[in-house]
Amino acid sequence: MLATDSDPIVAIATAAGRGGIGVVRVSFGRGGEAAALPLIDALCGQKLAPRHASYVPFLDAHGAPLDRGIALYFPAPHSYTGEHVLELQGHGGPIVMQLLLQRCLDAGRGFGLRLAEPGEFTRRAFLNDKLDLAQAEAVADLIEASTEAAARSAGRSLDGAFSRQIHALVDDVITLRMLVEATLDFPEEEIDFLEAADARGKLAKIRAQLAHVLGDARQGALLREGLSVVLAGQPNVGKSSLLNALAGAELAIVTPIAGTTRDKVAQTIQVEGIPLHIIDTAGLRETEDEVERIGIARTWSEIERADVVLHLLDSRTGMTPDDETIAARFPAGVPVVRVLNKTDLTGVPACVEHPAAEGDLTEVHLSAKRGDGIDMLRAELLRIAGWQAGAEGVYLARERHLIALRAAQEHLAQAADHAEQRAQSLDLFAEELRLAQEQLNAITGEFTSDDLLGVIFSRFCIGK
């Protein structure tokens with residue numbers, strides 16, 4: 001534990017700016033009640049009943065009121081952080097909040113009260129076993145959720161839905177490890193612990209459950225991160241019109257002049273609760289215009305980072321040699337959908353054509369101008385992302401969770417291989433189970449380095 005993890009800390013817990021209510025939060029750390037009671041007396045001029053709302057003045061150093069509001073005192077361990085906590089709920093003006101924060105710092109100087117770092121209140125909740133690490137991350141995810149579906153999924157993670165799944169897997173792995181260790185420790189016994197307890201069947205069940213959890217986690221990660229979709233193609237094929245059609249608003253300038261878009265225009269839209277980050281880019285062509293060339297270079301940078309590229313073509317000309325040149329430069333690992341726009345000029349009905357042979361691309365025929373085929377394109381993007389329509393009970397997950405789950409999956413696959421070789425590989429079987437458990441424990445924070453904790457909590461807002 002870092003030395004600063006026990007310092008008394010204070011911060012404004014509400015968002016910056018003006019609001020009806022603002023909150024200053026104090027967690028007293030090692031100071032405990034000996035620090036809390038004098039600070040309460042200095043700021044409120046009276047004792048506070050634990051866990052009761054008291055309407056009191058907030059006093060300056062001379063006893064004059066800075067504000068009036070609600071004071072709440074939560075003695076340890078029954079608080080958000082597990083420490084003694086004081087919350088002062090006043091009027092949400094930035095000046096009065098700063099005055100109240102500074103008053104707390106001045107009154108608490110004697111016992112070492114300092115400003116909290118980003119995420120430090122939630123970090124303490126984790127260190128004091130009020131939340132596990134997956135739940136702590138869900139606090140930040142709930143605050144940052146960009147769609148209703150993401151917010152509801154983050155709420156389920158905060159409630160412990162994801163953690164319960166992980167704990168159940170860990171318990172099953174521990175049970176299996178006990179059987180293996182018993183067989184290793186008592187080789188002379190006539191009882192075959194593994195056969196008697198159907199160890200292979202138990203392992204198969206664990207692997208099936210892990211696959212289910214990983215599938216749900218992928219859905220949750222998609223809700224959290226969304227999908228980065230880059231619109232690419234030659235100038236004047238309708239990229240800006242398609243952005244406007246997908247967003248349902250006039251976000252980009254649309255003209256018949258080639259090269260109108262010289263820098264990216266980005267917009268996030270929701271499709272079934274999934275954030276789609278749509279990026280309209282400069283048209284790809286040879287040009288002597290220095291500003292346009294910079295925009296084109298940025299387009300290729302966006303394509304390199306994309307989750308999906310929509311390669312727009314004019315349906316009147318189809319795939320031209322210039323389009324072939326562009327397509328040849330697309331990164332091999334990025335999915336590409338060929339979008340033939342302007343079907344309103346050709347009379348071709350809007351449709352989706354899936355590849356008939358390996359290596360072919362999905363083609364979507366649409367009219368961005370009329371909106372024909374836009375819903376088909378949205379559905380195709382969700383299909384590429386792997387979204388399961390109507391999925392219930394999904395919890396939000398992060399990339400580190402997916403990495404840990406995949407690693408655990410690989411260790412269990414190795415364990416299954418060793419189980420088949422039984423006599424020669426029992427030690428390796430046990431080791432793979434241990435490594436799988438270690439990966440699962442890292443998700444909830446039961447086995448996590450201080451460096452990782454520092455990264456996770458540094459991304460929280462101050463006061464949370």
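Any Cβ shown, glycine's included, is placed from N, Cα and C.
As recorded in Swiss-Prot, the features of this protein are as follows:
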type	residues	note
BINDING	Arg25, Glu87, Lys130, Lys464	(6S)-5-formyl-5,6,7,8-tetrahydrofolate binding site
DOMAIN	226-386	domain 'TrmE-type G'
BINDING	Asn236, Thr255, Ile257, Thr260	K(+) binding site
BINDING	236-241, 255-261, 280-283	GTP binding site
BINDING	Ser240, Thr261	Mg(2+) binding site
Greatest C-beta neighbour count within 10 angstroms, which of the binding-site residues Arg25, Lys239: Lys239
Do you know which of the binding-site residues Asn236, Ser240 has the most other C-beta atoms within 10 angstroms of its C-beta? Ser240
Average pLDDT across the domain 'TrmE-type G' (226-386), rounded to a whole number: 83
Sorry to bug you, but what's the C-alpha spacing from Ala282 (GTP binding site) to Ser240 (Mg(2+) binding site), rounded to the closest Å? 9
